[in-house]
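Some notes on the structure that comes next.
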Amino acid sequence: MDLSAINPVLLIASLMVAATPLLLAAVGELVVERAGVLNLGVEGMMIVGAIGGFAVSVESGSPYLGLVAAMAAGAGLSLLFAFLTQFALANQVASGLALTLFGLGLSALMGQGYVGIKPPALGNIHIPVLSDLPVIGPILFGHDPVLYIGIALVAAVWAVLKYSRIGLVLRAVGENHEAAHALGYNVIRVRVLAIMFGGACAGLGGAYISLIRVPQWTEGMTAGIGWIALALVVFASWKPWRVLLGAYLFGGINVLQLNLQAAGIAIPVEYLAMSPYIITILVLVIMSADKSRAPASLGRIFHASQ
Amino acid sequence: MKLTKLLTSAALVAGLATSAMADKTKVGFVYVGPIGDGGWTHEHDKGRLAVEAEYGDKVETVYVESVPEGPDAERVMTDMALKGADIIFTTSFGYMDPTINVAKKFPKVKFEHATGYKQAANVSVYSARFYEGRAVQGHIAGQMTKSNTIGYIGSYPIPEVIRGINSAYIHAKEVNPDVQFKIVWAYTWFDPAKEADAAKVLIEQGADVILQHTDSTAPQAAAQAAGNVITFGQASDMSEYAPMPRVSSIIDDWAPYYIARVGAVMDGTWESVNTWDGIGAGMVGIGEISDAVPAEIKASALALKDKLADGSYHAFTGPVNKQDGSAWLADGETADDGTLAGMNFYVEGIDGDVPQ
């Protein structure tokens, strides 16, 4: 066992990268669920975002255009879900599952010509002086821009939900859609916009995997991160900062356990491999012992006639 | 007259078509990953396409991809058998018990399970001696490493993977006594993000050679981003990453086996067999060694490959001790297939424990 082989600075820097796709998808889903909609299609939207962003950035040569395309792809797919659940009044669980299956199939089809191609690189930002600082530089100032967008998004979602009028309306729709409707708010419009926001976030998270974290296109490459994002929202009690904490815990322990394995620590590998799941759930469950609960209208179908 | 002729020929064609349909041999494949993984499943699917190309209209192939190793695999196989499959190839280690269970229920359907060890009257097992390819990898890796640290991404601690680690280690150690292996278990066959993380961790901890026993090309991309790190293609050539970081590869070639076995079903000569072929029989191929490898290392690696192919050298030749120092193979003794098939120990010199 040689713990000195683990470089804590690189560890923290890489855990932030590992956590970002999960963070993006989860914060998007959080907004959707706070509006009272349960969209189980996160995995499908992520993978379509992954290939959509990959394809556009390869064709255009611009990674930024790819990221925008990924958001558009995720939001576009989520519109299908919005149509099914908000206008056709279909069951949300079934529609969400169908969206995931559809997304996985569609992405495999779209990705046929993109296996083995390298995408244009999205460089890390480099701020003179700051990025060169020891320890703090690589951790705080040496990442790709999307990682900062992820953190900023959490702060923005938190502030909007807590302090703004839009956030209040969104929460009202999620807690009691009949009351919100009676007050004159357009429940369907709020929900469709929330679903699209969630889709865009999931798409961006997917593209983060295919353009930055891996970076390449392989079928099925999101490999269940969308599902983990769904679970994370629940365990984080629908609170943005807890989603951030959970995502960093999960990503962090995942990277840490790989580091410990490589350093040859004497903990059985099985325990290390399951540790990210267990520790994340434990911490968030303990934190959710306060009065937090699910949005009251979560998963319920709304029609103005009712 | 013309009309009658037309009708007769139409009837004839229809008759031919139906008889051809009845004669069609239906072949099922169960895959653990997507066919576009660029590795393991990709090669099995190439085997499936080769069967179609060989027999044309006489066969019909079906496949289901990304089937989890567990109860769901049983459902998929049962479904295939119920839909009239004559032979079903189940292409991952974790399908072993599901294959045996389903085979009991369908005694007339032939099953072929890859990389397992449980045989039955209607279940054959087949695998490739990947460890022969690992020997060549170890030989190259041991000489190419400058940090003397080789990173190894394992999937699950099963005999097939452990054999590969041991074989690579023995041959790396042979050419470089200071070499050290860092092993990370990913507990997945296919998860590009996780495989990339594992590769990055190993590189951060000083490895400049990455060997992988997982199915995607993500570790190749991670090595490329890191710069001076070399890798080997796994299961498929992964030549899109040549000449650097991918300097060579192990290629699984299932096509001849699949063609032979489907042919055996067609002419009624199929029987349960245990096939374990290596470089010699062509089931394991060594992908082109790129120019990133110095000529003399390339030459000695190819010489090693030839010795393995013609059987004059066995990848596990004594003296070899087990990790705890106890003797395993005496000088000149070679490992028997039984021990290799159930290998659950590291050889002497590897750090860490095999997860049990």
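We count from 1, first residue shown onward.
The backbone N, Cα and C atoms fix where each Cβ goes, glycine too.
Annotated in TrEMBL:
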type: TRANSMEM; residues: A:6-25; note: transmembrane segment
type: TRANSMEM; residues: A:37-58; note: transmembrane segment
type: TRANSMEM; residues: A:64-84; note: transmembrane segment
type: TRANSMEM; residues: A:96-115; note: transmembrane segment
type: TRANSMEM; residues: A:135-161; note: transmembrane segment
type: TRANSMEM; residues: A:192-214; note: transmembrane segment
type: TRANSMEM; residues: A:220-238; note: transmembrane segment
type: TRANSMEM; residues: A:245-265; note: transmembrane segment
type: TRANSMEM; residues: A:271-289; note: transmembrane segment
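With pairs at least 6 apart in sequence, the transmembrane segment (A:135-161) and the transmembrane segment (A:37-58) have fewer than 3 Cβ pairs within the 8 Å limit; the two do not touch.
Fewer than three CB pairs closer than 8 A are found between the transmembrane segment (A:64-84) and the transmembrane segment (A:245-265), and contact between the two stretches is not assigned (pairs 6 or more residues apart). The transmembrane segment (A:220-238) makes contact with the transmembrane segment (A:271-289): 3 or more of their CB pairs lie within 8 A, with pairs spaced 6 or more apart in sequence. Beyond its flanks by at least six residues, the transmembrane segment (A:192-214) meets 17-18, 20-25, 27-29, 31-32, 34-35, 37, 39, 42, 45-54, 57, 63, 66-67, 69-79, 81-82, 85-86, 119, 122, 144, 146, 149, 153, 170, 221-222, 225-226, 229 of its own chain at Cβ-Cβ distances under 8 Å. Under the criterion of 3 or more C-beta pairs below 8 Å, with sequence separation of 6 or more, the transmembrane segment (A:245-265) and the transmembrane segment (A:271-289) qualify as touching.
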